[in-house]
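Worksheet for the structure shown next.
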Amino acid sequence: MSLITRLLTGNITLRRRAMESLGKAGYSSHAKFSEHKPIERIRNIGISAHIDSGKTTLTERILFYTGRIAEMHEVRGKDNVGATMDSMELERQRGITIQSAATYTLWKDTNINIIDTPGHVDFTVEVERALRVLDGAVLVLCAVGGVQSQTLTVNRQMKRYNVPCLAFINKLDRLGSNPYRVLSQMRSKMNHNAAFIQLPIGVESNCKGIVDLVREKAIYFEGEHGMDIRLDEIPQDMRVESLERRQELIEHLSNADETLGELFLEEKPFTEDDIKAALRRTCINRTFTPVLVGTALKNKGVQPLLDAVLDYLPNPGEVENLGFIEKEGQDPEKVVLNPARDGKDPFVGLAFKLEAGRFGQLTYLRCYQGVLRKGDNIFNARTNKKVRIARLVRLHSNQMEDVNEVYAGDIFALFGVDCASGDTFTTNPKNNLSMESIFVPEPVVSMAIKPNNTKDRDNFSKAIARFTKEDPTFHFFFDNDVKETLVSGMGELHLEIYAQRMEREYGCPVTLGKPKVAFRETLVGPCEFDYLHKKQSGGSGQYARIIGVMEPLPPTQNTLLEFVDETVGTNVPKQFVPGVEKGYREMAEKGMLSGHKLSGIRFRLQDGGHHIVDSSELAFMLASHGAIKEVFQNGSWQILEPIMLVEVTAPEEFQGAVMGHLSKRHGIITGTEGTEGWFTVYAEVPLNDMFGYAGELRSSTQGKGEFTMEYSRYSPCLPDVQDQIVRQYQESQGLAQPDKKKKKN
């Protein structure tokens, strides 16, 4: 037998032995992945966290230990393969997750659907979409970084959609790791009723395993890749701490769970099952967060985390999902969807993500009720369009596996469906049922964009059409004033990634201009109007009169526009009111102070007048235009700017310089904290003052400082900033400055 043959057969034997050992350890074969399970044996989970907390590495380990992939690769690995879930070339190159990726796997005969989401604030809509359709989540925290800005954002998103979660403190192997500090931050910053259900046996380079406080056992991860799990007694030097932490766990649980609370007050002994049942009840009700520990990179703590997903996170039947039946002139009627996997109720599904695949548009959906089979017809509740299902697929990152049917609780994808993110699909178009859509934040940064070569215009148009459809936070428009094409998004990185994708995926290199902030204009106080639009010069004319008031909305609603019809009687016929609203919303697209959109304003239509022949919807729309111009002249206006939450981490010796630079950029310091030679400062800074900060921070901290920022709210500009914005706008329009204009008059 030749050496090559021997090597090959040896390799096959090794692989077979590896797979046999997988089977012995309770791992599953690939043939079982697509089996349909009863509802108790399904989990839909997301893995979310701040950037660089180890989400994708953790997902890679989960897929390996469950037998879904045969070998592991690192996010920035030396083998240049990259993690399974980072399928986009750009993700592997940058070592960050840009799109949420879906997969499914099997652990202890339970089907787990997993969505790995980005941690960078610029891709926050990906997290938003994932959490909307999931039943539970794993919140990954870095044992060194702790609770960071994007952790707080993800926490708010989980609260918005009522998603129960487990916390996993990762990276115990890193220098400076301190899981106890992370737990105290979870309690103080995130207001979680949280406690350890595991403790680390050593940290940094001494990380040997974990202590399970529920079972009161030590767990060690041995063999290649930590696949052999060994249970042992708790080390002697950790027994006192383990007892104290177990007591702390029981106290926190007793405060949140009535059943366990009664046992605690009666001082009755607890069994392992009592604690597990209380953990499950409180976790599903979001009254307690179990905290697990480990290091995904060093293969410790992942299998117990999978057990916790099964033990403590809900199955689709334990989560209440609501549909809304629209009724004319009434509030929508709430309907609880039936999660049973028997197919008795009509199909209801929600499209939560669109993607252009190799075979056309791919639409990710979650089935909430009923069953969907190949060949069925479904209807889009928003457009009422019929779609015939030619192909059903389940996804494993960028690979697809065909299935014949999907049931309530499944996450799947369809091809060639014309829809938008957040659309509801049903098999019965007559019931007018729709589900709550997905919250989409407003873009805060704009940049001019143009293709480098005019011959690439077609590809440029295709890329823009695809990306704006896939990502609701990526907007595209043409500015007639400066004759420029603009794109807007959640940050500079967001827009840079799309520019790079245009070049890579469409062969269309583009040039991005300087970032522009999405300012807004709003009223300072109420302003009344009484406007008559009259145009009569033979034949049918135009006549419309509107009376009312425009007033500012509260600061918490300053990104919204409201229209209220307060008319009584027939002075303004009801069929013309939509014309008034349309005119108001058209004028709100561009203010007269600085050319930015209006927001934070309520338009109250109170009275008016019409002509029996000459009045029309168009006339009332033009009257609305005139009324708003009148308010621009008579009202008091101010400019709003986006305020960012900024978090800077750097060595202690640079604290003075960092805080000085933030103050110089009109920042308000909201808090600081320090740990072992490093400090973190939290501040609120106007986005307009944050451009170029990355370079300044690098130079002032010898390259050791790093920062993250996320959108917080809109707030009024400083007077000198407002004057500067108004002056720049007037110069760009070729208008004289106000004082010069007065001299001419």
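Placed from the backbone N, Cα and C atoms, the Cβ positions cover glycine too.
The GTP binding site feature in Swiss-Prot is assigned to 49-56, 116-120, 170-173; the stated evidence is sequence analysis. Residues or ranges marked as domain 'tr-type G' in Swiss-Prot: 40-317.
Across the domain 'tr-type G' (40-317), mean pLDDT in this model comes to 80. Under the DSSP three-state reduction, LEU172 (GTP binding site) is assigned to coil, being neither helix nor strand. Counting every protein chain shown, the number of other Cβ atoms lying within 10 Å of the Cβ of ALA49 (GTP binding site) is 27. One residue stands out among the binding-site residues ASP52, LYS55 for having the most other Cβ atoms within 10 Å of its Cβ: LYS55. Counting only same-chain residues at least 6 apart in sequence, those with a Cβ under 8 Å from the Cβ of LEU172 (GTP binding site) are ALA143, PRO179, PRO200, VAL203, GLU204, CYS207, VAL293, GLY294, THR295, LYS298, LYS300, GLY301. Secondary structure at LYS55 (GTP binding site), taken from DSSP and collapsed to helix, strand or coil, is helix.
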